[in-house]
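Here's the structure we're looking at; comments come further down.
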Amino acid sequence: MRLESVAIIGGGAWGTALAQASAMAGRRVSLVARDGAQVAEINTSHTNKRYLGSQALHESIVATTEAGPADIVILAVPAQSSRAALGALAPELLAGKPVVLSAKGLETGTLDRQSEILFDMAPEAIPFVLSGPSFAADVAAGRPTAVTLAGDDATQTSALALALAGPNFRPYAADDRIGVEVAGALKNVYALACGAVEGADLGASARSALIARAYAEMARMVTAMGGSATTLTGLAGLGDLTLTCTSVQSRNYQFGMALGRGQTVDEIIAGGAKLAEGVATTPVADALAKSLGVDAPLVHAVEAVLSGKADIATVVAGLMSRPLKRED
Ligand SMILES: NC(=O)c1ccc[n+]([C@@H]2O[C@H](COP(=O)([O-])OP(=O)(O)OC[C@H]3O[C@@H](n4cnc5c(N)ncnc54)[C@H](O)[C@@H]3O)[C@@H](O)[C@H]2O)c1
Ligand SMILES: O=P(O)(O)OC[C@H](O)CO
């Protein structure tokens, strides 16, 4: 596998951060963005102010509106846009190529994971999933970050991890694509809940209890969906769950805080909220839990709040009055 050049699809916060990491790793990077003005800004000022403020970008990054051939393709658009973004690429750009899926979400309607979408749209691509505790601002600034890179072939995954690794960006190779994808999607749901706990001033003890029970629920979901619960001990599980569920830097956590303060989903979105993947993923996860027969009271509680079926006080009372059970 030749792994010299990288095309990153998506000129938002995460696509730009991964372009920066890939450039720091020594790869030849093209960053494919839809907005011509943004492309011009990246190529001339070496910034992407809308998404990363004044962060200086590596001058070797070439932004473009048209994807060209590259050895590695990284998809970095929101989970609900992945299918459209893949569909807009010429099939020969994807066939036989490693395609790194970096969105953290489940698709509305189909209930698909990101690699199921890739199988539909480009069955000859080689799927990899990148996930883990990694804020775009940290990665773009070259702060130390470690992530999980999961693929089906151990040799290929290690080679790709090496190609993407930089002095401060450390991908750990893994083989449980499903576990990594499900963990990355669900942690956003639980971050909404933890943000709501903070917004509603329910206390740090409640938030930690929530994180621990979310971990147990995540393990049930991952196992039911064909992944391994062991994956959750790593960066894509525990690592990202704790980051996103405790940091006001997280957009999902911020969205949850607004819910906790009593705002509705429509009000928060109308107020200009940034992308919070958990909002679209929650009803999908709830539907999956129901169809798979997984006990997922936390996902269900977040769904009830987001859909306006219940307020936070009601769902908390419901969770606290569930029959007592053994922890295991
Ligand atoms: N921002 C982070 O810290 C971070 C870290 C890890 C993973 N992620 C994940 O990366 C994904 C993208 O998040 P983000 O932070 O970059 O979001 P963002 O809102 O900053 O940017 C999204 C970008 O995708 C583009 N886009 C949307 N639909 C498109 C389409 N059909 N074709 C081409 N481009 C399209 C938008 O124009 C925008 O530039 C999410 O799933 C998120 O969970 C984000
Ligand atoms: O800002 P969030 O909530 O989308 O989280 C970003 C990353 O997924 C953290 O690992």
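Keep in mind that glycine also has a Cβ here, set from the backbone N, Cα and C atoms.
Per TrEMBL, the candidate among Ala136, Ala219, Ala304 that belongs to the NADPH site alongside Trp14, Arg34, Tyr51, Lys104, Arg251, Leu275, Glu277 is Ala136. Just so you know, the Cβ of Trp14 (NADPH binding site) picks up 25 other Cβ atoms within 10 Å once every protein chain is counted. A straight line from the CA of Glu277 (NADPH binding site) to the CA of Gly132 (sn-glycerol 3-phosphate binding site) spans 15 Å. Rounded to a whole number, the distance between the Cα atoms of Lys187 (active site, proton acceptor) and Arg251 (NADPH binding site) is 12 Å. Ligand 1 lies under 6 Å from the Cβ of the following binding-site residues, listed in sequence order from Gly132, Asn252, Glu277: Glu277.
Summarising the environment of Tyr51 (NADPH binding site), the number of other Cβ atoms within 10 Å of its Cβ, over all protein chains shown, is 20.
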